[in-house]
């Protein structure tokens, strides 16, 4: 059974109207997606852009500390910073797209000779999630053994660092783990001891038993300077750079609980539950460099899971072309030396370099399961940045300007439409004015349904595109009306004149719309966020005009002037 065009247009209009009126969207923070819901107020569920609804501005500072230690030449450092900023901006763009925000802007702003990353986001449902995702830094570092012995200057610098750490810990002693997460690469170690007797603890406490015995529960103590422990082969761990190594530095601790119990031999003893932070008086590892470039996440391409020669799950880091060159140079210059790989400040592996590696891949092996290897791979792909981001400022963007601008734009659009309708009435009569109004209402209803279906963020640039596209569509209708008038002047019947007018104006309408669509595509693919919004809306309206408005106009012309034609 053949379905008439009249039925198709009617059903499309009714379905679109119901969808716009009774379907909304809600953001699911667990999945990061916006899902459809039924609502009695669907008209309020359109997403609004940043310039219309306001939002939040987040200002981040990029920490270049590690680069400034390596690049002493100002020109080289400036070039490296520029590269880092470019990488971070691309990564932020990718992260924001997963938030389900309606609109955003991200740009670099220079203040007092310091570049900041400014992110403005609108329509965010969960701001804390946004801050966590945007600022998340899973730093990838490659480090070599530090061949130099500490000097008085470097030891003093480490003591200053320990003092800063102590101040942070005292400020928030209940969240020490979170404060010091990922600081292992700086030779800062956080340990938690649960149910240990004195003889099971590091030398610092064995040799000074009153430290824990006299400590006030919950109070942070430090800095305690001296030997923390000596590591021997049977207890060698990530803190060491060899065996029988003395760990000297600065300790701070907090006793959580002290109770009487028994030691391993069954004798009565005091059991301590406490946590401490140890800042070593030297950096035992330094960033891997080929003399010109630091080998780190700046060259990260992607990570994937694989299996080792022993059949164990591993994570393979793939570097870009420049990273391949740097990695090759670093491994060639450090054969038979260990190279540690840190992810998020935590040591994952430190194998000896057996030969130069020029394939551009680095393998992280360890006690991975298939799932944990996949989790690390995903985390690297989603969160690797070449430098940490520090949130410096958070402020609300006032939406009042956007609301005023939106009201002004809507008023201007309404005034323009009224003027167009009056003009059409004066030039072509009430039928064509009424026809244009019906097509316009149907067009806007279907467009609104498409916007809600695609979760389009309505910004001022999008509104401008809609108003412009309506003008172009009215222009297309005027072409049809003028052609129809010419055909009628030649004495042709109304049915013949309508068909001929539509057919003869089709090429002009099509060429004009396609030309506009090509420009819109360029704006969408190559422009900034504002131009993308304008371009995408122009593409949608161009397709609607060609596939919907023009055929509907022809059908309504027949309905107004020759209703019998609709049944044929």
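Positions of Cβ are set from backbone N, Cα and C atoms, glycine also.
TrEMBL does not curate its annotations; it predicts them automatically.
If you look up TrEMBL, you'll see 7-27 (among others) marked as transmembrane segment.
What TrEMBL records for 90-146 is domain 'Protein translocase subunit SecDF P1'. If you average pLDDT over the domain 'Protein translocase subunit SecDF P1' (90-146) in this model, you get 77.
For 289-387, the entry in TrEMBL reads domain 'SecDF P1 head subdomain'.
Residues annotated as domain 'Protein export membrane protein SecD/SecF C-terminal' in TrEMBL: 392-544.
According to TrEMBL, the transmembrane segment annotation covers 401-426 (among others).
Feature annotation from TrEMBL assigns transmembrane segment to 433-451 (among others).
Away from its own ends, the transmembrane segment (457-480) comes close to residues 46-52, 101-103, 122-123, 402, 405-406, 409-410, 412-413, 416-417, 420, 424, 432, 436, 439-440, 443, 447, 451, 501-502, 505, 508-509, 512-513, 516, 520, 530-531, 533-538, 541-542, 545, 549-550, 553-554, 557 of its chain (Cβ-Cβ under 8 Å, at least six residues beyond either end). TrEMBL lists 457-480 (among others) with the feature transmembrane segment.
The list of residues near the transmembrane segment (514-531) in space but at least 6 beyond its ends in sequence, with Cβ under 8 angstroms from a Cβ of it, reads 103-105, 459, 461, 465, 472, 538-539, 542-543. What TrEMBL lists as transmembrane segment is 514-531 (among others).
Under the heading transmembrane segment, TrEMBL lists 537-561 (among others).
Mapped onto DSSP helix, strand and coil, the domain 'SecDF P1 head subdomain' (289-387) counts 30 helix, 33 strand, 36 coil. Only residues 6 or more beyond the boundaries of the transmembrane segment (7-27), in the same chain, are considered here, and those with a CB under 8 A from a CB of the stretch are 33-45, 47, 100, 125-126, 442, 445-446, 448-449, 452-453, 455, 552, 555.
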